[in-house]
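Taken verbatim from Swiss-Prot:
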- ASP1003: active site, proton acceptor (ACT_SITE)
- CYS55-CYS104: disulfide bond (DISULFID)
- CYS150-CYS199: disulfide bond (DISULFID)
- CYS243-CYS302: disulfide bond (DISULFID)
- CYS444-CYS524: disulfide bond (DISULFID)
- CYS565-CYS618: disulfide bond (DISULFID)
- CYS664-CYS712: disulfide bond (DISULFID)
- 222-318: domain 'Ig-like C2-type 3' (DOMAIN)
- 326-412: domain 'Ig-like C2-type 4' (DOMAIN)
- 419-542: domain 'Ig-like C2-type 5' (DOMAIN)
- 1159-1179: region 'Disordered' (REGION)
- 1266-1292: region 'Disordered' (REGION)
- 1-28: signal peptide (SIGNAL)
- 29-740: topological domain 'Extracellular' (TOPO_DOM)
- 762-1302: topological domain 'Cytoplasmic' (TOPO_DOM)
- 741-761: transmembrane segment (TRANSMEM)
Amino acid sequence: MTPLKTSVKAFFTLHVLFSCISHGLVEGSRLPDPQLLPDGDTHLQHVGGTLTLICRGSTALHWRLASRNVSSVRIESCEERLHKHCSKLVIHNLRHNDTGIYSCSHKKSSDHEVSTYVFVKDPHHPFVEAYSLPHPLFAYRNDPYFVVPCRTTYPNQNVILETQMNPMADDVKRGVQWDPKKGFTVPLKPYDSYHLITCLTRVDNAEFSSVYLLKRLTMEIKNLAIEPERPRVLVGDTLILNCSAETTYNGRIHFEWEFHKERINRTHHFSTTPVQLAQIMVMSKALIVPNVTMEDKGTYTCTGSIEFKKLQMSTKVIVYEHPFLNVTHNKRKFTSTVEGRRVQFEPRVNAVPAPDRVLWYKDGVAISENSTCYETAGYNLTIKQVRQKDAGIFTIALSNQERGLYRNISYKLEVRVKPKIFEEDVAPAGPQTFRYDQRHKLTCTAFGIPMPNITWFWQPCDPSANLTECKLYTDPLPIENVDDHFPQNPIKDVNSKVGLLKSKNRTISTLVVKTANVSGVYSCTARNELGNRTMRIPFYVDDHPQPFEIEPSTAVAGDDITLTCRGTRYLYDRLTWYDPLGHKVPKDETTLRIEPYTISLSIKLPNVSRNHTLGYECQALKINTNKVVNVTSALTIDERQGPWLMQNLTNQDVNSSSTLTLACLAYGVPAPFITWYKDKTPVTEGPGITLKDDGTLIIERVKKDDEGIYECRASNDGGEAKTSAVITVVGEDGKPNIEVIILVSTGAAATFLWIMLILFIRKLRKPSSADLKTGYLSIIMDPEQMPLDEQCDRLPYDSNKWEFPQDRLRLGKTLGHGAFGKVVEASAFGIDKISTCKTVAVKMLKVGATNNEWRALMSELKILIHIGHHLNVVNLLGACTKRGGPLMIIVEFCKYGNLSNYLRSKRGDFVVYKSQDGKAVRSSSGCDLSELIKRRLESVASTGSSASSGFIEDKSYCDSEEEEEEQEDLYKKVLTLEDLICYSFQVAKGMEFLASRKCIHRDLAARNILLSENNVVKICDFGLARDVYKDPDYVRKGDARLPLKWMAPEAIFDKIYTTQSDVWSFGVLMWEIFSLGASPYPGLHIDEEFCCRLKEGTRMKAPEYSSSEIYQTMLDCWHGEPSQRPTFTELVERLGDLLQASVQQEGKHYIPINTALLTKADPSNQSPTEETSTRPVSLRDSGTAWNIKIRPESVKTFDEVILENGTNKIHEGGQSDSGIGLSSDDLKTLKRLESLARPRSFMSRAMKRKSKESVLLEGEMDKYPPLVPSLSLEDSSLDSEMECHSPPPDYNYVVRYSTPPV
């Protein structure tokens, strides 16, 4: 570059820089004021005319007009002359309200402004703004003046100012100033007030006015607040911040929003809301920010001011990119309180956006917003006065349906209650009497929380002979500590138990008095930590059937009798007699007796007759009520009659040593006295001779000396009657009775022999069934020590616990059948306490079954009882075993059939993870098994025997009618990878339970796993009586086939079945699950070569949908050394960890609430689902590359063996799913028997087990699409119109009468 060019360029740069600086200075503070033409401060125009103003300046110009409502405005450029810029303002057709200031200034600087005031004279509108109604004028308390803005359109217009009601003071009038451009300026004192102010003027004899109202404004401002306090919004939402403050009447607050110290000019809303008129006024200003971005987060400041007084408040706005909904317990989730107190549940909710639906539930029932018992505010639930019925589970369900977010948590409320005694409310009024020398039972039923303890006490009455009232002899003495020195009744038993009464658990204590002989007071005291309650039971012993009565009830005319009024001692007192005329019988004519159990008062009546004995009345004071009671004598007078005989004695011949009985039936008034004579000598009682009250004579072991004439004489005051007979003794006295001796000797010998036989049998036999414990189950399951049928015969069957009436069982369609039995669907009415009618499965024999078959089914029943109840096994519900009717076993009904069929049916609906939009319906297994995952090392159900612990079905899975109606069909839900892990986890739990009961399954496969409601799987065909048949004909029919595909090498080669061989089968079962029901070892002949390869360590490749962790678990189960395989407890731990990892990977939170209850409470409310993962929904590729990738290098698979040998052993004839093989001699007929390949259960369904899948080589995989099409986020939801039908349940878990491998 030349020096010249360089100099030119430098000069040009300096020139440009100088020009810019000069331009900036010109535009800055050094700019000259614009020039406005025509000149002058004011201009007068006339209405309808045209106003023209010209403004010249150095930069672009800007006009500010007097009114925006001008008729027509035109701004145009004009000749610039000396100035660079010129603007002309032209307004045509001027109006009166165009009067005002017109200003011109530079656009970029308003500091330099020129203006002029234009009057537009209009005779019809002398005022620029005229108000016919009072227009408010505002002035603060400390303002020195105020302006009445009645400007005029003509500068010389004469205007008068008037005030009404409150006239102006003279000094104020003198200080008033008039300016046609402003109006009147009026001096103002702090407490001056003018109600109405009027500006008056006249034009051409026409009067014009404008009315104003002065309002004195306050300077008070307080309680400035911003709502919401902690605003949180999502990107794209609208942010609304409301700033409010309080002032008094006539206060005017000015609000101003700032963000990052800049004034905000966004859309806003201004409103005022009076809280209480004339005292407090709340004014507010809302800031609305639509379509929020991340740049809008930060601190927003609101300033509220009245004149010079200001208040300021700031809030921090947080902006999130993604929605979320979380809820936790603010305090404890368990609350224990007492009645009458206030309880509040305050969950901590963290959600953006806020939930659009908040519902509280009490024990699964939605709480109404108008509930009088519960008060809801925001997320909180308040119980003002807790009652006992409020105890239970409270659940808050939060949802944002638009975002697909659902959460809930539960609180448990325990209401502690002071003890209450049930008998106090239902006991009869007044004390009761207790019969002497008899057994009595006293019951005390107490309710309280915590459950109260009951203690019995005793207080005897003072035994002094002259006392008629029970004065307690001692303080209350505990029953177990009563000293022998105190009077007491012998106690047989005192026991307490917890029972259900009126749907509440109550403590029921029973005191059994062996014999009643002492009066006193028993009391039961129920005590818990809140207090105690005592019920007194007066125990008055009585030796008569009635507590208050008159004796006797009959008499003979002419006799002297004694009427006795008798009452129970301590219950009645002050006995008094009244004659038929109502006169009180004097005390000297009565006799009072106080006995241990009665008090009586007697009077003597001589020569009684029917006329004067009627109407005697006894009165007494009932002590407990202090009321007088009476009873009237109902004496019956019988006329005197002589005795007569009903029949005469007859002569008899009596064998020696026999018994002689002579009856003398005589009647009379009074009752005659019977006397016996023998040969005219009175007969008296002695050894072998009995005289009964009714006149019967009994002589035992008659001898020759007893022969003679026996005479019966009946006598009373009316005379005597007699009859006689001759008694002859037949036989010799000294000759023994041979028949008796023979009979006695024979009986004694038979008894002795029977006892010896029983002792001999008991010595030979093993321990009885009563001694069978849990550990003995291994012997039951091991037929080598004792035949299984003999062991089962010794197992107990408790008919009281398990027997179910056949008439309450309604049989339905047949679900499956086998060679000798069948399984039918049935409805059982009242089989449990949860549901009225329950769908069950019934196993029963076919018509014509043999006795051996009956014994086999009975053996299965006993083993089911002994094994016990568990959630993940098919459980026993009852049985019908009564003779004369069919033998039936009632078990749980699993509506979705076996797991193998179900998995195959779901191949088109399998997704790895649920999509984020939540449209795909998710399996509910996660929800139902949340507690299993949480406590995976604990047993889900009782591991004890149901025979000893009782059986109550888990309520979470009961199929009551309401829940059954609301259960959603699993076939309408997609199947996820998490469900497959969950199935494996549940089977491991069930097998862990069976292993703890020392039960070996021996046929663990997907076909023997049933699927029930709520995605619960149950193991069937476990350890039952498979070897009870020894009939060789049955074996020849095919039941000797073995499930080789599932068998461990030691079971195939050495016939050894252990829990570890079940672990091998569990690994094959996992392979079935993660291949969605495919047949194991696809494409292989199950022959001797296969078994040898298996023993050498060749294994299956990974299934299509497994991960490396899952496949490694399978390989661990297939370890060649049984002792190196994991136990089922370890598998539960491992799968539980995988299941938890799956949950955490998807960001889900399992929440313990029954979805059916929510649906029941509110049909519109969907079941709470988990927050879904944002990753895409897709299926794992089904090619071989996936399987090889996750296979350990040290494991050789059958696919590699096939490729090495250069052979393709795909089974073309339909390889058996069950993989059942025969002995080596029978392997030639394998293809012919494939239709029978599966072990035939005793009541299995006739179902073919052929594999319908095509098994391809790895090289051929690319030619065919995968089994399951890939799903995107949009098509992951199911077609609502698709009709899904579940296959019939597979009930092949019934007794399989197949002999074990030998």
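The backbone N, Cα and C atoms fix where each Cβ goes, and this holds for glycine too.
Swiss-Prot feature annotations superimposed on the structure.
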residue	record	Cβ contacts under 8 Å, 6 or more apart
CYS55	disulfide bond	PRO34, GLN35, LEU36, LEU37, LEU61, TRP63, CYS86, SER87, LYS88, LEU89, CYS104, VAL114
CYS302	disulfide bond	LEU224, ILE226, LEU241, CYS243, PHE255, GLU256, TRP257, GLU258, LYS285, LEU287, GLN312, MET313, SER314
CYS444	disulfide bond	ILE421, GLU423, ILE454, TRP456, ILE508, SER509, THR510, LEU511, CYS524, ALA526, MET535
CYS565	disulfide bond	GLU549, ILE550, LEU575, TRP577, SER600, LEU601, SER602, CYS618, ALA620, VAL631
CYS664	disulfide bond	LEU645, LEU649, ILE674, TRP676, GLY695, THR696, LEU697, CYS712, ALA714, THR723
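Sequence-distant neighbours of CYS150 (disulfide bond) (same chain, 6+ apart, CB under 8 A from its CB) are PHE127, GLU129, ALA130, VAL159, GLY183, PHE184, CYS199, SER210, TYR212. Mean per-residue pLDDT, taken over the topological domain 'Cytoplasmic' (762-1302), amounts to 64. Within 10 Å of the Cβ of CYS243 (disulfide bond) there are 26 other Cβ atoms, across all protein chains.
Secondary structure of the domain 'Ig-like C2-type 4' (326-412) per DSSP, as helix, strand and coil residue counts: 3 helix, 50 strand, 34 coil. In three-state terms derived from DSSP, CYS565 (disulfide bond) belongs to an extended strand segment. Across the domain 'Ig-like C2-type 3' (222-318), DSSP assigns 3 helix, 64 strand, 30 coil.
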